[in-house]
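Just below is one structure, and these are the notes that go with it.
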């Protein structure tokens with residue numbers, strides 16, 4: 001059995017800000033774009049989350065939920081520098097590290113001999129080192145497989161850890177919600193629920209041929225995950241294929257003009273996320289996605305080697321041509337990343353381009 005640790009920093013961007021600016025501690029704090037420019041929240045403190053503030057939420061809506069919210073702009077270079085410190089701590093215990101973002105990663109410690117090979121003690125040591133050297137807390141999940149390690153890291157947040165052993169795994173997955181399985185979103189969960197399938201235990205008892213007939217290849221994945229099977233290894237050289245941002249709207253909107261009003265905040269957040277890239281990558285396409293109130297979605301893409309805000313607005317107009325009177329529930333934009341290592345993709349002269357687009 002493998003020993004997989006999933007490390008997830010606690011409200012990372014906000015935690016760095018509270019570390020560097022003690023006056024923010026204990027207060028509802030968010031890192032994100034200005035509400036005046038229809039920005040979105042990147043992350044927020046636990047104090048803000050008590051009011052319902054969440055990542056990817058429109059900043060203006062966040063202020064409605066929490067009028068005393070403290071909003072600060074992101075300092076991406078600082079977050080990158082701290083992330084490198086954390087990565088160095090990981091490397092003391094294993095070289096099998098799969099970064100998922102600046103603030104989370106998978107580690108395979110199956111061959112680590114420190115602490116007599118105890119993944120539980122190794123995770124404790126890593127979290128202790130992170131706190132001592134960066135002043136930040138991290139949560140951890142330990143399991144024999146990747147997706148369960150990620151599930152476990154969320155169970156004792158903040159500043160805690162949870163262990164799923166080979167012995168406890170069968171009982172743990174029986175009651176695990178299918179929404180915790182990667183690939184099971186809202187629409188798929190509703191389809192599964194209509195069949196009486198809400199937990200992994202439900203899937204275990206269901207007809208496997210029928211699942212495969214209804215869901216095809218994903219049905220096979222669902223059967224495996226529901227038994228706690230995940231053969232995916234740690235991809236130490238894993239590279240992201242795209243960077244994007246999307247927002248679920250508080251209420252459905254119907255016009256192109258309303259969608260255009262949402263775009264500036266998404267563009268600001270996309271610029272932040274592009275600057276997080278660990279490696280310098282060139283883009284090869286831009287994409288706009290719309291999800292309608294009947295849960296169907298459409299995407300429009302354009303091949304490009306540089307980010308153009310005007311092009312995002314053109315793609316939005318093309319996507320809206322497929323609306324057919326339906327309400328828009330979600331709007332997203334993204335860029336595809338090329339394999340070549342070139343310049344960090346940026347969004348040049350953003351406000352000028354916005355003025356032109358609008």
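Glycine too: its Cβ is placed from the backbone N, Cα and C atoms.
As recorded in Swiss-Prot:
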ACT_SITE  104  active site
BINDING   8, 103  Mg(2+) binding site
DOMAIN    4-185  domain 'UmuC'
SITE      13  site 'Substrate discrimination'
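Recorded features from Swiss-Prot, shown on the structure.
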residue : record                          : DSSP class
8       : Mg(2+) binding site             : strand
13      : site 'Substrate discrimination' : helix
103     : Mg(2+) binding site             : coil
Cβ packing number for residue 13 (site 'Substrate discrimination'), 10 Å threshold: 28
Highest CB neighbour count within 10 A among the recorded positions 8, 103, 104? 103
Measuring Cα to Cα, how many angstrom lie between residue 8 (Mg(2+) binding site) and the residue listed as 'active site'? 4
Quick one: Cα separation, residue 13 (site 'Substrate discrimination') versus residue 103 (Mg(2+) binding site), in Å? 9
